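Novice: Annotations per Swiss-Prot:
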- 11-231: domain 'Radical SAM core' (DOMAIN)
- Arg20, Arg75, Thr106, Lys167, Arg270, Ala271, Arg272: GTP binding site (BINDING)
- Cys27, Cys31, Cys34: [4Fe-4S] cluster 1 binding site (BINDING)
- Tyr33, Gly79, Ser130, Met201: S-adenosyl-L-methionine binding site (BINDING)
- Cys265, Cys268, Cys282: [4Fe-4S] cluster 2 binding site (BINDING)
Amino acid sequence: MNTETRRVTDKRERPLRDLRISVTDRCNFRCTYCMPAELFGPDYPFLQKTELLSFEELERLAKLFVGRFGVEKIRLTGGEPLMRKDMPELIKKLARIPGLKDIAMTTNGSLLPVYAEKLKQAGLHRVTVSLDSLEDERFKAINGRGVSVNKVLEGIEAAKAAGLGVKINMVVQKGVNEKDILPMARYFKEKGHILRFIEFMDVGNTNQWNKKDVITKAEIIDLINQHMPTEPIEANYKGEVASRFRYLDGSGEIGVISSVSDAFCASCNRARLSARGELFTCLFASSGYDVRKLVRGGLTDDELTESIASVWRNRTDQYSIDRALSKTDGKKKVEMSYIGG
């Protein structure tokens with residue numbers, strides 16, 4: 001068995017460096033831009049347990065991505081990852097993998113008061129919490145379940161108290177929550193957490209995306225600069241998706257993820273593994289590659305490694321660049337709740 005780490009690049013010379021694992025397609029929220037309640041109702045056919053990759057299967061795949069391809073970062077997503085039973089057990093398995101330097105999780109934060117300490121003890125390093133408003137009634141409307149913003153704020157504080165790194169992501173939509181840009185910036189500036197604004201993206205097929213509803217990075221930063229001046233700073237690492245800005249008074253930083261106005265396809269090094277076990281090479285992909293079938297089909301680690309490498313070598317995705325060139329109209333895409341953000 002060949003256990004040597006090798007560099008694999010795609011058709012555009014982009015290396016594989018980052019793995020995102022969706023552990024469930026279920027969520028306890030029904031956010032309008034991700035899992036709108038009218039489409040994801042009580043009769044929606046969510047994946048059954050046997051359809052999900054088991055923790056042992058996920059561990060095996062993670063070991064290959066880290067040991068064979070040199071992946072150093074794994075992010076756990078959903079749906080809402082904490083809806084998957086016994087998540088600390090999966091994190092323990094991942095934390096034992098030699099060479100894996102960073103284990104992160106994207107979550108809506110509502111279950112962190114229960115799980116934050118257990119996640120930290122298991123080996124999780126940091127969380128990114130999705131929060132789109134501090135105004136309670138607006139937040140309840142956005143999450144579609146009437147969950148109070150206080151529940152998420154409690155989760156953020158629980159994560160901080162447990163010693164987890166914390167960042168906040170806010171999806172900004174014109175006509176929905178642009179009034180929250182400044183209150184969110186002020187609040188998390190005072191709390192000492194990095195807030196990242198995300199341009200409203202056309203992920204999936206159900207969020208009624210229209211470019212007119214996008215508030216761009218330039219507009220967001222211009223608004224903040226009028227009240228709390230910032231200056232741009234360099235990325236932490238090659239391929240970082242957020243543009244970083246530092247407050248001039250030295251009180252921290254913010255970021256903007258601007259997939260619509262600034263395509264970052266050229267440096268994208270992320271592979272995404274869905275809860276069903278399909279490998280996707282782009283957040284905006286139409287289809288994935290059935291890795292679960294290979295895992296359950298008796299392939300050796302060497303054979304599985306070569307199959308994954310072949311998928312990456314043939315990757316040509318550059319959806320955000322194509323969008324800017326109006327080459328994506330009518331393209332059907334996988335839903336974000338299935339592939340993870």
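Note: Cβ is positioned from N, Cα and C throughout, glycine not excepted.
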Novice: Nearest of the binding-site residues to Met201 (S-adenosyl-L-methionine binding site) by CA-CA distance, picking from Arg20, Cys34, Arg75, Lys167, Cys268?
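Specialist: Checking each of Arg20, Cys34, Arg75, Lys167, Cys268 against Met201 (S-adenosyl-L-methionine binding site), the shortest Cα distance is to Cys34.
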Novice: Can you tell me how far the Cα of Gly79 (S-adenosyl-L-methionine binding site) sits from the Cα of Arg270 (GTP binding site), in Å?
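Specialist: About 18 Å separate the Cα atoms of these two residues.
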Novice: Note down the number of other Cβ atoms within 10 Å of the Cβ of Arg272 (GTP binding site), including every protein chain shown.
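Specialist: That number is 24.
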Novice: Please report how many Å separate the Cα atom of Cys34 ([4Fe-4S] cluster 1 binding site) from that of Arg20 (GTP binding site), as a whole number.
Specialist: 17
Novice: In this predicted model, what is the average pLDDT of the domain 'Radical SAM core' (11-231)?
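Specialist: Value for the domain 'Radical SAM core' (11-231), mean pLDDT as a whole number: 95.
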Novice: Round to the nearest Å and give the CA-to-CA distance linking Arg270 (GTP binding site) with Cys282 ([4Fe-4S] cluster 2 binding site).
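Specialist: Their Cα atoms are separated by 8 Å.
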Novice: Starting from the Cα of Thr106 (GTP binding site), work out which of the binding-site residues (Cys31, Tyr33, Ser130) are within 10 Å.
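Specialist: Within 10 Å of Thr106 (GTP binding site): Ser130.
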Novice: Work out how many Å separate Lys167 (GTP binding site) and Tyr33 (S-adenosyl-L-methionine binding site) at their Cα atoms, rounded off.
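Specialist: So the Cα of Tyr33 (S-adenosyl-L-methionine binding site) lies 20 Å away from that of Lys167 (GTP binding site).
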Novice: Tell me, in order along the sequence, which binding-site residues from Arg20, Cys31, Arg75, Ser130, Arg272 have their CA within 10 Å of Cys282 ([4Fe-4S] cluster 2 binding site).
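Specialist: Cα within 10 Å of Cys282 ([4Fe-4S] cluster 2 binding site): Arg272.
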Novice: Please name which of the binding-site residues listed here, Cys27, Arg75, Arg272, is nearest in space to Cys265 ([4Fe-4S] cluster 2 binding site), Cα against Cα.
Specialist: Arg272
Novice: In Å, rounded, how far does the Cα of Arg75 (GTP binding site) sit from the Cα of Ser130 (S-adenosyl-L-methionine binding site)?
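Specialist: On Cα coordinates alone, these residues lie 14 Å apart.
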Novice: Of these binding-site residues, Cys27, Cys31, Cys265, Ala271, Cys282, which scores lowest on Cβ atoms within 10 Å?
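Specialist: The binding-site residues Cys27, Cys31, Cys265, Ala271, Cys282 were compared, and Cys265 has the fewest Cβ atoms within 10 Å.
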Novice: Rounded to a whole angstrom, what is the C-alpha distance between Tyr33 (S-adenosyl-L-methionine binding site) and Cys268 ([4Fe-4S] cluster 2 binding site)?
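Specialist: That comes out at 23 Å between the alpha carbons.
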Novice: Taking Cα atoms as reference points, rank the binding-site residues Arg20, Ser130, Cys268, Ala271 by distance from Cys27 ([4Fe-4S] cluster 1 binding site) and give the first.
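Specialist: Sorting the binding-site residues by distance from Cys27 ([4Fe-4S] cluster 1 binding site), the top entry is Ser130.
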